[in-house]
């Protein structure tokens, strides 16, 4: 008993210390995060393990877990990286309603030792709830007698969001009668009223439909609408009104009882009983009117009641009253004058004989169609009959004898306009009132083939994707023939012609009856971009008539050609290239360039390059240009970098779907001392010819400048002597200038002209030499310019064709077809206007010309101003005036001669993998270097010969 009492305080003290320690741990582990509501699953909330000071490796052994009393499934922790993320949808309005603060409280528990951390995740409100009105339509009833400034309260909208997202503003559709009075507050609407602006008129507008819109203050704002239907109640403020104040009618004396004399109609714009009208004779009423006529109080019809007698009373004057049924009735009045007419009781008779129907539409005018006779049993003026015909018809009546008429064609017929005529012959006697009789004649018009089939438009444009299945329907032509029956039966056929070396019928066919055009074989955009032909439509008339329509079928390109890597040069195998580079290079050093071409066009041939990082790792110090294919370093290399790198370059076009190709680049890192040896051997064969080429160009430029200076001095001396010399006998006149030579490089150009002088007296012929004209077009090459005869000025403006012995190098041809040059490349297309040739522009994606690769020479039919420097596929960046390109070619330079004299089996390195590092020289390049030196000597000799010719 004593021992248990002595050991009691110690466990209590231990328990107390544990509670204090747990409370201290709990307080020190409080974390706060925030996340927007409606965040997607996996949204990052915070690095909870790092913030709690826990290592990632101890999360699993220490049983790291998250618990929540009410919302345990909203947030979760990834035990691999210690990140707290959104596990399920979080709706702030569902969690906290309209509370200003909304948080999710979590408890993080770890064992060994036991630790408890409190985490508070604040849920931020987003504008995800639009304003909502209690109802989508609200009806309001307003009497038209309500005065202006009357207010009609409205129910405001509510927004489940908080703060600015729930601040509502209202707007009403513009109108002339109502305006909106709204007092805004940040949280809710205090009052919302509809105010009447001016007096209403139900007779003008019976119902107003307005749209009330509520907008919250979120970004972007959300809106809610309610349609206000305002019905105007009627007030009896309008009296019935007749259309006329006085009506005049006539009635025959032999009219039967109940004969309608007139139907009076009064209108009241009021509604309901206020607009119901009762008709009556206005008092006092004469006994004669009461005896002869009666009035219907509901519809205003006045009918005969007793027998009328023209000899006893010829005219009745009746006063009629119209009264509405409003609480305070209002009345309208009019006067009716009824005239009684004498009777002509015998009508004429009409007889039609000798019809010639139907008639052809090509019948000539004045042809007789029918004979008509009329008669009337009355005598005097009541028996005198006149005939008339339906107006506005191509027929007329011609009186041939007393009471006899002929129906004659008056003008040309057109069955396509009117196929039949319903003629009405009216015979009227001379009685008072006159009696008449009518007879109908149906005249049919027979068709004549006078209309050719007509298409809706003279030309149709059709777009067909390439690789279509054979026999697919691409278009339907339809021609309409205004004729009838066989004359309108249309058949279709192709207008045969040759398309290249093949007949048109081998490409397309047309169905004779339906006009459907079919493609007989798959079309290829790369071979045929436009197919233009004609379809003929003919009717079945005698003789047949026809017309043609032109179809322009454009073959649309599809992405059916994958990018193709250009064949690598020596030292490469397949799509793989090896390269040595020193470790001492800095960031941005270009190592190698990958090139590819795509046979498609447009976006289908626009190529982009990217490294496949998954194959080589994510920390390589290299990157590739998206559109250039240049592989360069991203940072300086250090010792920890691997000595060998294998890069996979993915070449992808922009078609749908995109097609790809893969190139492999093997890079080996060497020390700085080893790089120059490999570099000197690798660049000896490639740089040497280019350096020699630049030296020769410099010499040529110096020589040309010296010769030009000498010519200028000679010209000045000649002019001075000419001016000081006495005039020669005879008359001399300048002849037409002849262009000797003109050349351009970049924005600099020079030219020469000869102007022979034609003299009529004694003295030698002289020639004026004009040099360095900056605005003349280029002439032909030096071999053709010296022996050319004098031409007219018009001949100088004609474009020159390129020399047949000039051609592009392999790299330049590849650049012309690369992704960057798709729109700038010169492509020969056989279009409607004939083939035209464009030369490619120089872009940043094309490297500077290597040995044996030059720009097109001046005089080869190319305007040097069209060679512009471009940076990527965007807008061209033109060189400024007075700027010279880094390298340009002078006509007759060794570069051109080397190209013209290059043998067919030349093994000059034209690798399309252009490397900028330094690699070892192979045995083939050593042999090639010796051959190039011999070739350069020959080219220098040829260059001297060409310069002397110029």
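Cβ coordinates are placed from backbone N, Cα and C, and glycine is handled just like the others.
It should be emphasised that the depicted structure is a prediction, and the values quoted were computed from it without experimental measurement.
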From 677-697, 698-718, 719-739, the residue range that Swiss-Prot assigns the feature transmembrane segment: 698-718
634-668, 774-808 - the one Swiss-Prot records as region 'Disordered': 774-808
From the candidates 257, 942, the one which Swiss-Prot records as N-linked glycosylation site: 257
Rounded mean pLDDT for the residues that make up the repeat 'PXXP 2' (774-777): 34
